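Pulled from Swiss-Prot, these are the features on record:
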| type | residues | note |
| --- | --- | --- |
| ACT_SITE | HIS65 | active site |
| ACT_SITE | ASN138 | active site |
| BINDING | TYR348 | heme binding site |
Amino acid sequence: MDPYKYRSSSAFNTPFWTTNSGAPVWNNNSSLTVGTRGPILLEDYHLVEKLANFDRERIPERVVHARGASAKGFFEVTHDISHLTCADFLRAPGVQTPVIVRFSTVIHERGSPETLRDPRGFAVKFYTREGNFDLVGNNFPVFFVRDGMKFPDMVHALKPNPKSHIQENWRILDFFSHHPESLHMFTFLFDDLGVPQDYRHMEGSGVNTYTLINKAGKAQYVKFHWKPTCGVKCLLEDEAIKVGGANHSHATKDLYDSISAGNYPEWKLFIQIIEPDHEDKFDFDPLDVTKTWPEDIIPLMPVGRLVLNKNIDNFFAENEQLAFCPALIVPGVYYSDDKLLQTRIFSYADTQRHRLGPNYLQLPPNAPKCAHHNNHHEGLMNFMHRDEEVNYFPSRFDPVRHAERHPIPPPVLTGKRDRCMIEKENNFKQPGERYRTFAPDRQERFVCRWVDALSDPRVTHEIRSIWISYWTQADKSLGQKLASRLNVRPTM
């Protein structure tokens, strides 16, 4: 009998109950006792195993993006960008790559309502012929902070108060009053876009700046954008309360039901390109994650389409155990010196090893669909079948060679060690420009949300003044409206 033929799978279920080791269980209703009413015996192995397994069903919750839903499908190239990248999965129009996508809220717990004002995660895992490529983004194109050094503190401020376990505005506004770079992100979060109607009707963004490299080795900065074909729809406050009160999992249900009904969600992928030699020509730093690249001077280029046409088979196996990491790239795609991306490269893989163990990439949704080979052996929960005798490199008994070299960004870097801010902060221009694109009623809702947040009794006069000063620098009329309604004079 081949012990590897019947790997753990519901496809090999027996018609009767068994233990985890396969022994038949003739009674799954009653514990083993001394007589009818006597004490339970410790030798009741099935009972002990059943309880022990139940006690360990939960794994550590994601520190962010805990609440989410996943679906599977494909990505198809529709436009030729082979002159920009040598990535195999982007090699020509018509090429399809299987994907799994996870949508999520960011700050709140695993069972929290999907109608809370919060950014949404939009993570795509491409199972390419050259390994997995994880494009791990959000529904907003910018972020709160530009340096990953601030990320743990930022999350602590957004998370509930450690004393009361209640999310409180005064903590959020206190922290971000020290970081005017966050204004641009708040023009999205406190806008109508802050509560998407569901996952199907929201945009996605890679957020960080990456690098595309072609066969000749030419590198160009790139940003990725997902646009839903069914349009963008959001919930206003009253609608969110009504929808969330009826079903706290409404977005998960909408995604699942839509796919089940054959109404497959679809997004178009666009990119923006900047040549590294041109990065100093703008009034912002292209590697600053708090900035967008203006589409009027850096137009969107169509690339392909993402279609989700299959629901996951098991929520725990393909959502809770699904793990993304921005470090997972393929030839033709590389990182940039975006400070937030650089820290995400380490942090994501580290948290997955904590959550799922050192061999998390062996789990089915995380494992590559292409052949692969290395000497990363053993470790906790290693279930990969291996029969090699050589687990070192190099060896004449197992002459595994290096892969063909692929191009990486060519620049030579020089500089002194330092901890410093970027030169072009320019924190107020883009937030002001975005606010001025809002229709008057949309501006009014934005102002009302800020008045409500700044009216928190624990927000001090100093913090209110700082925020009004920030918004005045972004847009004078916005600052005046806030100052008037809060009866606070801005501190410039």
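Even glycines carry a Cβ here, placed using N, Cα and C.
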Would you kindly give the Cα-Cα distance separating HIS65 (active site) and the residue listed as 'heme binding site', rounded to the nearest Å?
12
Rounded to a whole number, how many Å is the Cα of HIS65 (active site) away from the Cα of ASN138 (active site)?
10
List every residue in the same chain as ASN138 (active site), at least 6 positions away in sequence, whose Cβ is under 8 Å from its Cβ.
VAL106, PRO119, ARG120, GLY121, PHE122, GLY204, SER205, VAL207
Where does ASN138 (active site) sit by DSSP, helix, strand or coil?
strand
Neighbour count, 10 Å Cβ-Cβ cut-off, for TYR348 (heme binding site): what number do you get?
19
